[in-house]
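Per TrEMBL, the features are as follows:
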- 20-37: transmembrane segment (TRANSMEM)
- 58-79: transmembrane segment (TRANSMEM)
- 99-118: transmembrane segment (TRANSMEM)
- 130-156: transmembrane segment (TRANSMEM)
- 162-187: transmembrane segment (TRANSMEM)
- 208-232: transmembrane segment (TRANSMEM)
- 252-274: transmembrane segment (TRANSMEM)
Amino acid sequence: MEPTQPLSPKSKPRVVVRFARWAITLSVVGLVVWFAGGTVRDGWHQLSQTDLKIQWQWVALSALLYLVGLAPMACYWWIALRTLGETPTPSDVLRGYYLGHLGKYVPGKALVVVLRTGALVRAGCNMRQVAISVFLETLTFMAGGGMLAALLLAITGHGPTLYVWLSLGLAVMVGIPITPPVARWLATKVVKQRSSDQSESTVSLQAINWRLTCAGLVCSVIAWSIIGVSLWSAARAVDPTLGWPWQELPLWIEAVALPVVAGFLSLIPGGLMVRDGLQVELLKSVFAPEVAEGVALVVVALWRLVSVASEGAICVILEATRLYRTPRGPS
């Protein structure tokens, strides 16, 4: 039996770096599982206390529609990355995008940027450019949701007038940073911090223009519309007497856009309490008055459970696919 060879001086730093990477990865996964798991537990606890019969085929459709609804913003993120000079594959973008959604359940939501940036840096992208694109995508998604909610609430009259001004105010708060002049100025500040390729990066930032902003807002409107139908499907799982989604489509869109944007700015993990409270208030008008609040609470809890579970499931599937396709070295 040959004696074990000691580690060479050159290999020791590599082992330390590899160990540090694994430790950071496991810590991040642990945080996500802990906080997202708490959201799932709360939602399941609320559902277990109701006598309503849930039709699970509509729950499955809600989960599918939710994931499809997020896809337009993944497409916009890919467009933003290409605009900034990065060339990740669509599969890398999808995996990083859905993975980042799990970070919103951790306090502060900074983990969204960490997860998405880490996923694409591993795929060969520039860290600063990826971080800039994440902020562009996230704020564009929220700004589009706020503007769409304000417009629909003003037209339909659902909810108090305060909701219109709240939606508009939220849209302005997250919309100003994505206007091209402001976005370029903020991005330049990021690039100037210890950037070795400052001139090249600054040139790529000039591509942040109104065409890119408008493309993001169009993707945002499509995304919120599909996600609104996802909420309707969750409600249909609880109340089979509901009509088809197009009969009250503006309300379903309002009930996802305003609460989610408000929850995002609250910095509370997953926007809990803020998002749930607004959703219940907007959804009460859909159900019979004598049971409206109770049914709305169940629908909100169910949809929260659907969103977390579907995000977790798609991340597992995409990561398993990546590991399966990754070539292995000789044994």
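Cβ atoms here come from the backbone N, Cα and C positions, even for glycine.
Contact between the transmembrane segment (58-79) and the transmembrane segment (208-232) holds: at least three of their C-beta pairs are under 8 Å, each pair 6 or more apart in sequence. Outside the transmembrane segment (208-232) by six or more residues, the chain places 62-63, 65-66, 68-73, 75-76, 79-80, 83-84, 136-137, 140-141, 143-145, 147-148, 178-180, 183-184, 187, 242, 245, 248-249, 252-257, 279, 299, 303, 306 with a CB less than 8 A from a CB of the stretch. Sequence-distant contacts of the transmembrane segment (162-187) (same chain, six or more residues past either end, CB-CB distance under 8 Å): 132, 135-136, 139-140, 142-143, 145-147, 149-150, 153-154, 205-206, 208-210, 212-213, 216, 254, 257-258, 261-262, 264-265, 278, 282.
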